[in-house]
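Comments concern the structure below.
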Amino acid sequence: MKIKNICCIGAGYVGGPTMAVIAQKCPEIDITVVDINEKRIAAWNDENVDNIPIYEPGLSEIVEEARDRNLFFSTDIDAAIDKADMIFISVNTPTKTYGIGKGMAADLKYIELCARQIARVAKDDKIVVEKSTLPVRTAQALKDILDNTGNGVNYQILSNPEFLAEGTAVDDLMDPDRVLIGGDIDTSEGEEAVQALVDIYAHWVPEDRILTTNVWSSELSKLTANAFLAQRVSSINAMSELCEKTGADVNEVSIAVGMDSRIGSKFLKSSVGFGGSCFQKDILNLVYIAKSFGLNEVADYWEQVIIMNDHQKKRFASNIVKTLYNTVSGKKIAFLGWAFKKDTNDTRESAAIYVADYLLNEQAEIVIYDPKVRAEQIYADLDYLNTRTEEENRKQVKVVNSAYEACEEAHAVALLTEWDEFKELDWKKIYESMLKPAFLFDGRRLLERKTKEKIGFEFYAIGS
Ligand code: NAD
Ligand code: UGA
């Protein structure tokens, strides 16, 4: 079966870049990315390609090449579903904020809405692809909804989780470690659907890196991969606290441990804590699933990854207060970075938000600079916590346009995101503009201790 028309529901961090790359690699397939968010679709269609809603290195060039050739962005969801042979569901699956499973389970209401919309609109057979990260066995729920409409349409449901990381989305999509496709491989229709998706990726991914499994393995592998990755960060962060007490240096420990080829060197960088929209949400979801099967030891094991991460964020903030003579009330603290990692404008679950909240509770004044995050986003992140009024957030927090401006007359600088440009700053100039003693807290192990201490900083870095 040759796919000619694709519809992707959800024009976010996954749907947008993934479809842009498929469109570039498969010029014979027409792809329409749809979303209920009109502003987001308008931004994807903005004449100036620098205004697309997601910042990812290399993405705007691809969008420029494929847009209006075989890549389209639209709010007409029904039309795109109707036309498509294959429909990717790439909508958000946040942690539930209400009812049963509140604070843990994945909220599948957006997924279900998509399924019901497909069921209502579809007139001919469709392959429906789960691109969103979903609890294991969600495909069964989708199938139940789709198969019970009585309009004679046959659906094949595939699981094709996305493993891209933000900031490197284009590289990850162009050269993935693997592409995972789960389907009903026991039936010939299922096998045919899996092959149709394999054929799309085979345009640019070597076939030995395209892995096919049953649907449940595929769904669960995505949650497992994120849990393992986050667990490595929590493991090294646990060691960072021990390093600070013993004179060991976490970077040295990380190199020594990572050189064991059985362990590997990646994802062992100690930090102020992992952020991003997925690690916490996916582990909480895993914990919830384990508990729902009565697997309490499994649930507790994974929950510890989150407990350690929360501890790391809090520990970084409380160390700032302790070091500044046990009070930051009325003191100006400069934040360098707000995004959850470098090279993205995404701030979801960024450690910076929680460090700021802690310091604001201690009545600090915070001045923030991030090269890619806009002021409205920073205020929205703080308002969302509901810790204080919107007016109070605007009074205590300022957002500025340069690192130098943020640090001027500050009591302390906290480095929260590892943007490359922070390495190149004129740190002597920053030191001179600050109140003395000038404190510098590196939450990312980005800066070199020796040179900063030579300038005169009181320097604190995670894990040393
Ligand atoms: P996102 O919030 O950036 O985008 C989701 C989009 O779906 C939004 O624009 C929203 O308006 C739209 N949407 C929601 N319901 C809709 C509906 N019924 N019809 C049409 N549009 C609808 O989310 P994201 O970061 O792209 O994540 C999507 C999924 O991919 C999640 O399950 C996430 O766990 C997973 N994932 C994310 C990443 C990542 O790096 N962000 C990586 C891998 C997997
Ligand atoms: C992560 C995974 O890496 C992707 O494979 C996955 O597809 C994605 O989640 C998802 O499902 O959403 P992402 O969250 O975009 O990608 O970014 P990561 O590079 O994984 O970083 C996550 C957080 O961990 C960041 O805050 C980062 O600074 C932190 N981190 C990462 C560390 O503190 N130390 C490390 O060694 C690595």
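Glycine is treated like the rest: Cβ placed from N, Cα and C.
Those TrEMBL annotations? Automatic predictions, nothing curated.
TrEMBL lists 10-15, Asp35, Arg40, 91-95, 132-133, Glu166, 278-281, Arg348 with the feature NAD(+) binding site. Summarising the annotation, TrEMBL assigns substrate binding site to 162-166, 222-226, Arg262, 269-275, 340-341, Arg444. The active site, nucleophile annotation in TrEMBL covers Cys278. The domain 'UDP-glucose/GDP-mannose dehydrogenase C-terminal' annotation in TrEMBL covers 334-449.
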Distance filter, Cβ under 6 Å of ligand 1; input binding-site residues Gly10, Tyr13, Asn226; output Gly10, Tyr13
Students should find that the Cβ of Gly10 (NAD(+) binding site) has, within 10 Å, a number of other Cβ atoms equal to 27
Other C-beta atoms within 10 angstroms of the C-beta of Phe340 (substrate binding site) total 25
Summarise the domain 'UDP-glucose/GDP-mannose dehydrogenase C-terminal' (334-449) by DSSP state, stating how many residues are helix, strand and coil. 45 helix, 19 strand, 52 coil
Quick one: give me the count of other CB atoms within 10 A of the CB of Ala165 (substrate binding site). 15
As a whole number of Å, the Cα atom of Leu223 (substrate binding site) is distant from the Cα atom of Cys278 (active site, nucleophile) by 10
From the recorded positions Glu162, Asn226, Ser270, Gly273, Cys278, pick the residue whose C-alpha lies nearest to the C-alpha of Asn92 (NAD(+) binding site). Cys278
Within 10 angstroms of the C-beta of Thr95 (NAD(+) binding site), the count of other C-beta atoms across all shown chains comes to 19
Limited to the domain 'UDP-glucose/GDP-mannose dehydrogenase C-terminal' (334-449), I'd like the whole-number average of pLDDT. 97
With every protein chain in view, how many other Cβ atoms are within 10 Å of the Cβ of Asn226 (substrate binding site)? 22
Just checking the binding-site residues Glu162, Asn226, Phe340: which sit within 10 A of Cys278 (active site, nucleophile), CA to CA? Asn226
Which binding-site residues of Asp35, Gly273, Gln280 contact ligand 2 in the sense of C-beta under 6 Å? none
Across every protein chain in view, the count of C-beta atoms other than its own within 10 A of the C-beta of Leu223 (substrate binding site) is 22
